[in-house]
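What follows is a single structure, written as structure tokens, with notes after it.
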Amino acid sequence: MVAPAVALAAASAASRRSWRRLFRWRAPGSRAPCRPVCTARGLPGGNEYDLLVIGGGSGGLACAKEAADFGKKVAIMDYVVPSPRGTSWGLGGTCVNVGCIPKKLMHQAALLGGALEDAHHYGWDVAPSAPHNWNVKYFNIHGSFVDDHTVRGFTKAGKETLVTADHIVLATGGRPRYPEDVEGAKEYGITSDDLFWLKKSPGKTLVVGASYVSLECAGFLTGFGLDTTVMMRSIPLRGFDQQMALLVTDYMESHGTKFLKYCTMRKLEKFEDQRLQVTWHNHEVGREETGVFDTVMWAVGRVPETRHLNLEKVGVTLHPDSQKILVSASEATSVAHIYAIGDITEGRPELTPTAIMAGKLLARRLFGHSAELMDYDNVATTVFTPLEYGCVGLSEEEAERRYGQEGIEVYHAYYKPLEFTVTERDSSQCYIKMVCLRGEDQRILGLHFLGPNAGEVIQGFALGIKCGATYSQMKKTVGIHPTSAEEVTKLWITKRSGLPATVTGC
């Protein structure tokens, strides 16, 4: 299968086109941007650019493009420090190169493998055990503050450039974390930065961590027919609704992904044949255990890219623990004309669409006389595990913490997607939960959907919930038949009632 590689190459090409387009943007009649030479000021006493964005990911590019559309003179500094395994890429940030885009393509590739297995149920005569062919591809400046209006950048060849700007936006994002206390972690392990650029199949793989990155990667690796194990220290999908999270892992486990639960890594060692011996502590049984894998992938969180920006030089304040940048509701840092957006900021969702919208709104406030702030409440998201989990709003746990158990009503249902009936697929984890305020109108606090195409389903309902939709309004909504999404409009069984939550078809 080469479709993911083709799509990745297309995404990379589109990213390069966007880069060239960005540097053509300038106000009518203005002179072309200065060539990258050692210069501190374009004019005596003035700054060379209206806006400098440090970081060329989704949020940084969105902010830069929006500012350029206002006729402002904009520059971007972007550089990817190679991972410990030497993996690097060009413009576009995590999402385009080693995140959302390749992840979704790999997820789709794995789903197609499942569809091949199902095809004979629908009358197609195809080989159900067609092997997966692993294929992927590659492409690639570094900035730190000199003073609060000047940033020094270096190319890969070491050439220095000084860029000055009236406003500076930090959008450098984050990189995968390596554990500091595990012997051999950096020497022999990889991360999601490396996975999507491997030239050959990772083979038997251990994925360490239970984040959405971990479960998504483990899910599609299993879908490719690889022997895949997830090592969990405690709970899966921390920060998400835990009932839904456990259903996600239950489904994965029943479809071939192995789980080592309540385990922590001790060390990695490499054999002469390049295979890895892994030693871990199993806290459930209280002993050390070992296993042999071809690849070990770390998915134990991310580190903000703030370390090399020289922020202390200009007085930008960081959170003491996370080392993320502290920002106000207007994305302003502790320095008046320096802003930060995206994963680098403390307390913000680590999601590409929020960084993009925050970047656009920031540019409009700076240059378009707008006062609109980014609203971070009720942002929808989806975990692209083999059975997708989409959600918007509060988890049941968070709703109960805010309003008390008696202050909420939870409607739920187990359902069977139509496409599962022909193939007789197990649908025991296909589940919907709507968390509402308990009262006359029952405003919807959160919606959680586990099933096929969850992202497409939740995106539609997210608008209603953003607008304050109520359970009574949802009940008046006519569903589209036959779809899985219509099951949301048919919810009527409450957890409080104790009634069985499995629903039937038409």
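Using the three backbone atoms N, Cα and C, a Cβ is placed for every residue, glycine included.
TrEMBL entries are annotated by machine, without manual review.
If you check TrEMBL, you get these features:
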| type | residues | note |
| --- | --- | --- |
| ACT_SITE | His481 | active site, proton acceptor |
| BINDING | Lys104, Gly143, Asp343 | FAD binding site |
| BINDING | Gly209, Ala210, Ser211, Tyr212, Val213, Ser214, Leu215, Glu216, Gly301 | NAD(+) binding site |
| DISULFID | Cys95-Cys100 | disulfide bond |
| DOMAIN | 49-359 | domain 'FAD/NAD(P)-binding' |
| DOMAIN | 379-490 | domain 'Pyridine nucleotide-disulphide oxidoreductase dimerisation' |
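Taking every pair among Lys104, Gly143, Asp343, the residues listed as contacting FAD, the largest Cα to Cα separation comes to 31 Å. Neighbour count (other Cβ atoms within 10 Å of the Cβ, all protein chains): 17 for Lys104 (FAD binding site).
Shown are the binding-site residues Gly143, Gly209, Gly301; of these, the residue with the fewest other Cβ atoms within 10 Å is Gly301. Long-range Cβ contacts of Asp343 (FAD binding site) within its own chain (separation 6+, distance under 8 Å): Thr94, Gly173, Gly174, Arg302, Pro304, Glu350, Ala355. For the pair Lys104 (FAD binding site) and Leu215 (NAD(+) binding site), the Cα-Cα distance reads 13 Å. As a summary of secondary structure, the domain 'Pyridine nucleotide-disulphide oxidoreductase dimerisation' (379-490) carries 39 helix, 31 strand, 42 coil according to DSSP. Ranked by Cβ neighbours within 10 A across all protein chains shown, the recorded positions Cys95, Val213, Leu215, His481 are led by Leu215. Over all protein chains present, the Cβ of Cys100 (disulfide bond) has 18 other Cβ atoms lying within 10 Å. A C-beta separation below 8 Å, combined with a sequence spacing of at least six in one chain, links Ser211 (NAD(+) binding site) to Leu237, Arg238, Ala299, Val300, Gly301. Looking only at the recorded positions Cys95, Cys100, Gly143, the one with its C-alpha closest to Leu215 (NAD(+) binding site) is Cys100.
Nearest in space to Cys95 (disulfide bond), taking C-alpha to C-alpha distance over the recorded positions Gly143, Gly209, Val213, His481, is Val213.
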